[in-house]
């Protein structure tokens, strides 16, 4: 009985199945239904997943579109810096909180119709923002756009778990985190040139156009990945017929009559008390929050003497972070799959904690990057030093986020969407607070001290990975005793 929760950490199956003639065990065990997302061809999986990743990219560009437009916004609406910053802060906050609505809705309706609704909201909100005539109207548009963008965040890792096997998750999940990081780091660059050349309204107009086109692509390319049937082996004469392309366009395929919006909402709240989930949110939140601090410090530092950079040049500085994010692709993705596959030689159901070994690389590089950046801007060195430090931080952020999110998905694959709502709400709450108060923090203590404190906080949070690695099985057994994971255990005991 005590083994049941441990088995469900990887997936909700009790039998193993070999794949092909190689004898390799694949988890989760797919059914022989050709409509099971695990049985889709690779081109179909790629088209579905990359379309959603583009949604993730534009959602994160949406979150940063006014970070480079504070001055023209203050001038246009005659508002102070606090009001202007709210346009960014509340958007970022709703980017996380919005998942509290989308994930329960997905449990009932499925992913495809919810993605279509969210993209419609994102497109409409940016059209609204582009034509807003008052600060209050613009703030309403930014809040609504954050809600629409949120759907491209916490829902995506569960989509990966529905389409790909355990030994593929780390590598595949990395595409999501690279898309996320690309939006986070390239967003300021894209928006800087749009604002500089065409004004702040067109930063919203660009996102409205892009998300509108993506809405059409999603309608034609994204299939429903929520498989509501039991994964069983049907008798030869009872195997379901392969669904046609037109059949996949139906909005009701993912409808789950057993899904409950309010129960899912309650599950989300209960999972906030699961230690691995809470730790993941705090850790990722601090790394994302430090990114915002760096972006704000970059704007304040390099637009002033002795640098005197233009807005466009400040945007180009983000390329160093983008390069760092791309370089992390192996360390945060394929490497954790190799570690997990090696562990499977000794256990049919490897411990999710085994992936945390890969945190060693970003744990070394990330805090050193923060310290490097802080010391360089404090002593006004050439731009190369801060750029190198920012790239190191971006490398660590992207790799670490994928490692930790994949770990959480492996721990609670049955409720990956619910768990990641908590992770991303915590992440965005931290980012929201730092977006509004980091300027005062740096002004009061100085860059050298602030970035040293940031690195110390990173080391402290990363050290908790050792606790989760050694006592992870006990923690997962504990969390299997209440909340949504208790239902999984009781179901398997029937």
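Cβ coordinates are placed from backbone N, Cα and C, and glycine is handled just like the others.
Here the structure is a predicted model, which means the values were calculated and not measured.
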- Item | Annotated stretch (transmembrane segment, per TrEMBL) among the listed ranges 254-276, 415-437 | 415-437
- Quick one: which of 24-45, 354-375 does TrEMBL have down as transmembrane segment? 354-375
- Note on the structure: One stretch in 48-72, 84-102, 173-194, 309-333 has more Cβ pairs under 8 Å to the transmembrane segment (143-166) than the rest, namely 84-102
- For the transmembrane segment (114-131), name the stretch out of 48-72, 173-194, 309-333, 354-375 with the most CB-CB pairs under 8 Å. 48-72
